[in-house]
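The next block holds one structure in the form of structure tokens; read it before the comments.
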Amino acid sequence: MMENVKRNYMTFGIVAVLFLVFLAETLIGGSESTSVLLKMGAMYNPAVVVEGQWWRLFTAQFLHIGIMHIASNAIMIYYIGQYAEPIFGHWRFLVLYLLSGTGGSLLTLAFGSDQAISAGASTALFGILGAMACVGFKNRESDILSFLGRQALALAIINIVLDLFMPDVDLLGHLGGLISGGLLAIAFGDRTYQNYGRLGRVLAAAGIVIYVVVTLRLGMNVNL
């Protein structure tokens, strides 16, 4: 067990932080309380644009609404992290996770309802799935990486299809996380596996810049 923790300490650290934040939500007034969610940084488009609370794009991924919400996300983070963290490395995994979560919030800002309050680590989770899918596709000659990539893509597709029938789920956040994770994995490819080369990294980096600029511009125009 301790060896597993040492090998995937970022994964365990993320799960620990999520539960600590959830505990804080519960003590303050309950994780399903609208006022608590807004106070602690849940995603709410008018607050981001009109009140300038841009940190919500980042903080929303640490909050959860109800015990089942955090339990399901924590289990998935633990499961996926066992494979993803060794592939990307500790710090690269953490950066992918955090930036993907923020990227998911950006798509919610651009196209989401200005009445909705959203939160959860699933935006970051979808980013890791997108990153693993891209690495697996490029490393098709590797049985392990190829298999993990296909599994990650299949899991992402299945969950997106399920999202279509679940009105309270932030589908846009999931799609945004998936896109962000894929682009980030290509842009910051590691030498420990076959990456997309200089041109691929440049194009992916350009894609990230375009994604950020477009979603911010759309979000500001729609919510003002």
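Cβ atoms are placed via backbone N, Cα and C, with glycine included.
Where the annotation comes from TrEMBL, it is an automatic prediction and has not been curated.
So that you can see what the record holds, here are the features copied from TrEMBL:
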type	residues	note
DOMAIN	52-188	domain 'Peptidase S54 rhomboid'
TRANSMEM	54-81	transmembrane segment
TRANSMEM	93-111	transmembrane segment
TRANSMEM	117-137	transmembrane segment
TRANSMEM	144-165	transmembrane segment
TRANSMEM	171-190	transmembrane segment
TRANSMEM	202-220	transmembrane segment
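Sequence-distant contacts of the transmembrane segment (202-220) (same chain, six or more residues past either end, CB-CB distance under 8 Å): 45, 48-49, 103, 106-107, 109-111, 176, 179-180, 183-184, 186-187, 196.
Each residue in the domain 'Peptidase S54 rhomboid' (52-188) gets a DSSP state, and the totals come to 106 helix, 1 strand, 30 coil.
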